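Asker: First the structure, then my questions, so here it is.
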Amino acid sequence: MNDRLPASASTSIRLSVNATASTDPEALNATAKFVATPEGTALAYGSLVFMALLPIFFGALRSVTCSKSKNAADMPETITSRDAARFPIIASCTLFGLYLFFKVFSQEYINLLLSVYFFVLGVLALSHTMSPLMSRIFPASFPNKQYQLLFTQGSGESKEEIVNYEFDTKNLVCLLISSVVGVWYLLKKHWIANNLFGLAFALNGVELLHLNNVSTGCILLGGLFIYDVFWVFGTNVMVTVAKSFEAPIKLVFPQDLLEKGLEASNFAMLGLGDIVIPGIFIALLLRFDVSLNKNSRTYFYSSFLAYIFGLGLTIFVMHTFKHAQPALLYLVPACVGFPVIIALFKGELTEMFR
């Protein structure tokens with residue numbers, strides 16, 4: 001999913017995303033209006049890489065706990081091989097649909113609706129992300145009352161639960177803080193507020209979207225590999241949507257931060273799809289490591305390092321050739337290839353794909 005900042009925030013080298021949905025893969029784009037200093041470029045790219053690693057690492061750790069949870073509210077969404085095969089088609093239809101919407105309807109009103117939609121999602125995602133941290137910060141003596149939100153339909157024996165959500169005082173505090181960030185984003189569209197929502201979306205995606213096996217992960221990443229390459233190199237649809245879509249579905253970092261401080265306006269951008277899609281595969285490999293009961297995290301760390309390599313290679317190629325690059329073109333072979341080679345040498349390839 002992708003969007004852009006206002007026209008005044010153009011950049012010479014910009015990491016940007018495919019404009020589809022919060023779990024869609026992203027492309028890396030370049031423009032040539034603002035010439036960043038080498039220091040500013042290095043700081044921006046380095047910060048984006050660091051921010052991309054945070055939700056993958058912590059989301060993968062939380063996915064292990066999530067997979068063992070018996071709480072219905074924390075149960076993950078499992079992606080099957082059938083879902084994985086259909087995902088690139090659905091993503092393509094969504095992307096092209098957005099392209100037509102922006103061609104027919106007013107961009108201003110569409111982005112207004114999207115801002116409200118992502119405000120609600122962002123507040124909930126950030127609140128869920130902060131919840132474990134708040135549980136550690138609050139002292140044991142804190143009066144933590146329990147609440148339940150229950151909606152039912154019908155009466156007597158035909159009564160049916162529609163919503164049954166349990167929460168406590170700590171959850172309310174998280175929701176309040178998240179709402180403040182949400183209002184800040186709506187009013188100012190500040191890049192820090194954008195990043196807080198973006199990190200929350202990415203971490204929740206890695207934590208709660210679970211691939212059922214490695215084969216499914218290969219189908220998903222392979223399909224999105226083709227999707228990303230086609231829509232970046234084959235048409236102008238992705239670039240057009242990326243320049244029109246405004247929502248916190250990317251991480252941004254200013255290349256002119258050293259010159260203008262927090263009011264900087266020339267951003268490098270990285271789409272959440274380039275974080276979440278490889279991230280759920282990396283999280284799967286961590287759970288596979290845990291299932292082996294060998295007190296080793298070989299596959300997790302190898303895929304994590306592969307992600308760093310793939311993202312670094314994407315930035316290098318884009319910066320060298322000054323041309324849009326589909327990030328999954330480099331991330332997919334790296335994140336899949338490295339662990340598979342290790343499994344082949346360790347004689348665990350059959351077990352990995354079982």
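Just so you know, glycine gets a Cβ as well, placed from its N, Cα and C.
Since we're looking at a predicted model, the values are computed, not measured.
The following feature annotations were taken from TrEMBL:
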TRANSMEM  42-64  transmembrane segment
TRANSMEM  84-102  transmembrane segment
TRANSMEM  108-126  transmembrane segment
TRANSMEM  193-211  transmembrane segment
TRANSMEM  218-242  transmembrane segment
TRANSMEM  267-286  transmembrane segment
TRANSMEM  298-321  transmembrane segment
TRANSMEM  327-345  transmembrane segment
Asker: Under a Cβ pair cut-off of under 8 Å, which of the recorded stretches 108-126, 218-242, 267-286, 298-321, 327-345 contacts the transmembrane segment (84-102) most often?
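Answerer: The stretch with the most contacts is 218-242.
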Asker: Find the member of 108-126, 267-286, 327-345 that has more C-beta pairs under 8 Å to the transmembrane segment (298-321) than any other listed stretch.
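Answerer: Highest pair count goes to 327-345.
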Asker: Which range wins on Cβ pairs under 8 Å with the transmembrane segment (218-242): 42-64, 193-211, 267-286, 327-345?
Answerer: 327-345
Asker: Grab the same-chain neighbours of the transmembrane segment (42-64) for me: Cβ-Cβ under 8 Å, and only residues 6 or more beyond its ends, written as numbers and ranges.
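Answerer: Result: 15, 36, 76, 132, 195, 199, 202-208, 210, 251, 253-255, 257-258, 267-270, 274-276, 278-279, 282-283, 286-287, 290, 300, 304, 307-308, 311-312, 315, 319.
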